[in-house]
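> Below you'll find the structure I mean.
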Amino acid sequence: MKVKVRILDVYSGRYSVFINEKEAMKAKLHPDDLVKLEAGKKTVYGSVVISSLVKEGEIGISRDVLQLHSFSEGEVVTVIPSGTPESVRYIKKKMNGGKLRKVEIETIIKDIVDRKLRDIEISSFVTSLEINGLDMDEIAALTIAMAETGDMLDIDRKPIMDVHSIGGVPGNKTNILVVPIVAAAGLTIPKTSSRAITSAAGTADVVEVFADVSFSLDEIKRIVEKIGACMVWGGALNLAPADDITIKSERALSIDPTGLMLASIMSKKYAMGSQYVLIDIPTGKGVKVESVDQARALARDFIELGKRLGQYVEVAITYGGQPIGHTVGPALEAREALQALMAGTGPGSLIEKATGLAGVLLEMGGVAPAGMGKKMAREILESGKAYQKMREIIEEQGGNPDIKPEDIPVGDKTYTFTAPTSGYITAIDNKAITGIARAAGAPEDKGAGIELYVKVGEKVKEGDPLFTIHAESEARLDQAIVFARRTEPIRIEGMVLQRIGNI
Ligand SMILES: O=P(O)(O)OC[C@H]1O[C@H](OP(=O)(O)O)[C@H](O)[C@@H]1O
Ligand SMILES: Nc1ncnc2[nH]cnc12
C-alpha cells in the first residue's frame, strides 16, 4: 500500500511505525508485524503499532525510525508486509546448539543492523549465545561481520593504541586515568567505551559527567589527530553498529555472553584501526571471570582473535575481587577519577591498576623500555601531565576543563550503613554493590551510587560508617536501602550472617 508520512514526536527506543486501525484491517496488518517502508532508494523496517494518532492513508514514523533515514512530512512511501527474516532460522540453529556458518552469522548481523530483527529475536540470539557459546571461527566471523556492517576510522597517526576492560567490577573508572597517561606519553589512543552493561557505570557513563561522549567519526578524527586521544561512547558512532543493539539486550538481562563480548569489544577496536590492544580481565568473586584459569583461557581467545584481525593483543589479568577505589556510580566515579588525576595519587586499587595498565601500553607502544612502563606511567600521573591531557580531552569534547571534583553534583538523598559489629572486613560482594547502586538509579541517574568507606582487610568498630548510598529521589533511595538490607554487601568477621527461626 502507498501512504503519506506523518512524523510523530514519539521516541520509544523501538522501531515503530503507526498505522490507523482501518488501514491496518485493509492491509491485514497486526500489532508488532514487521513491515518494510520503501521510498526511492530508502528502505527501512519497523514494527506496526495500531493507533489513532494517524489517519487512513497515513503512516506515522517515530523519531527512532527517523534516526535511521530522513523522511519528510507528506512523503509517499510504499508499505510492504515483511515475513519472518531468514536469520531467525539461524538463531534457532544456535538455540539448538548448532555451529553457525560465516554466511549465517553475516545474515544475522545484517538483519540486526537493518532492524529486520526485533528486540525479542535479538534477545533470543543473545540468550542462545549465553547458553551455547561460539567457537573461534564463529567469533572471528561475528567480529568481522559486526565491523564491516559499519564505518571504519582512519586516523593519520601511528601507532594506534587501545585499552579495554571486559568490565564487571564495580567502580572501574581505571581507563579514565589510563587514557590520558598514555596520550601524555605521546602515544595515540582513540578510546571508545560502552555504557554500563552489567555494572552501575560504564566508562562512557562516567566520562559523560564532565564532557560530551557522542561524536561523529569526523569529529573523533579531528580530536584524536589534534590531541592524541579521546574518550567517547562507541554507540554514538556507526562503528560496529550491531554491537550497541545487542548490548541493549545484554543490559536488560545483565549478561555478557563470552563469544559476543569478544566480538563486540574487538569489532570496535578493528573499526577504530587499533593496532596494539590491551585487554583488562578483572578476575575474582562476583565478576565476569571468577578464576585465573578461566581468565587465562579468555586471554588466549582475545590474543587469537587479535591475530586473525591483524592486531597485536596483550591481556592483563587484574584483581577484581572487590570494587575499585571508593566510589560506584557515574558522578561519584567521575569525582574520584578527576581527584586522582589532579592529585596524581589516590586509592591504591585505582592507582596501581591504572599505572600498571598504562605501563603495559607504554611498553607495547615502544616509549618505555621493558619493565619500566609502570614507573613511567606513575611519573606521568604524579607530574600532572596526565591531568593536563585530561583537561585537553574534556575541552575538545565540549566540557569545562576547569571543572573540580566538588563541582560535580551527586545524589543528595543519602543513607549510611554502619558496622553492626567490630572486626575485620572479610568480603565485599561485588554483585550486591552493583545491585544497590542500580537500585539507587545508576547509571541513568548520574548522581546515584555508593561511597565506600572500607575495603577488605580493614578493621572497623561497631557503629563505624561502611558505605553511603546516594540517590536522586527518595523512592530510589528506599529501593536501594531495601536491596542493601537484603544483600548485606559487606561482611565483617564475627558478624551474625543470618538468624533463622520457626521453619
Ligand atoms: O562493567 P560492565 O558494565 O559489565 O562493562 C562495560 C564497561 O566495560 C568496558 O570498560 P572500558 O571502556 O574498557 O573502561 C566498557 O567500555 C564499559 O564501560
Ligand atoms: N560486550 C561488550 N561490548 C563492549 N564493551 C564491553 N566491555 C565489556 N563487555 C563489553
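Here the Cβ of each residue, glycine as well, is placed from N, Cα and C on the backbone.
These numbers come from a predicted model, not from an experiment.
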> Kindly point out which candidate in S123, S124, S128, S264 is recorded by TrEMBL as part of the AMP site with G168, S194, R195, A196, I197, T198, S199, T203, K288.
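So, going by the record in TrEMBL, that would be S264.
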> Could you give me the DSSP helix, strand and coil counts for the domain 'Pyrimidine nucleoside phosphorylase C-terminal' (424-491)?
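In the domain 'Pyrimidine nucleoside phosphorylase C-terminal' (424-491), the DSSP-based counts are 24 helix, 20 strand, 24 coil.
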> Compute the C-alpha separation of D256 (active site, proton donor) from R195 (AMP binding site), stating it in Å without decimals.
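Here the two Cα atoms lie 13 Å apart.
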> For the AMP site as recorded (G168, S194, R195, A196, I197, T198, S199, T203, S264, K288), determine the largest distance between any two Cα atoms, in Å, rounded to the nearest integer.
17
> Judged by the number of other CB atoms within 10 angstroms, which among S199, S264 is the least packed of the binding-site residues?
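Lowest Cβ count within 10 Å among the binding-site residues (S199, S264) is S264.
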> Same-chain residues six or more away whose CB lies under 8 A from the CB of R195 (AMP binding site)?
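Spatial neighbours, sequence-distant, of R195 (AMP binding site): G202, A204, D205, W233, G235, I247, R251, P443.
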> Can you tell me which of these binding-site residues sit near ligand 2, meaning the Cβ is under 6 Å from at least one of its atoms: R195, S199, S264?
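If the test is a Cβ under 6 Å from any atom of ligand 2, the answer is S264.
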> Sequence gap of 6 or more, C-beta under 8 Å: which same-chain residues meet both conditions with respect to I197 (AMP binding site)?
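Same-chain residues close to I197 (AMP binding site) (Cβ under 8 Å, separated by 6 or more) are G167, I247, E250, R251, S254, D256.
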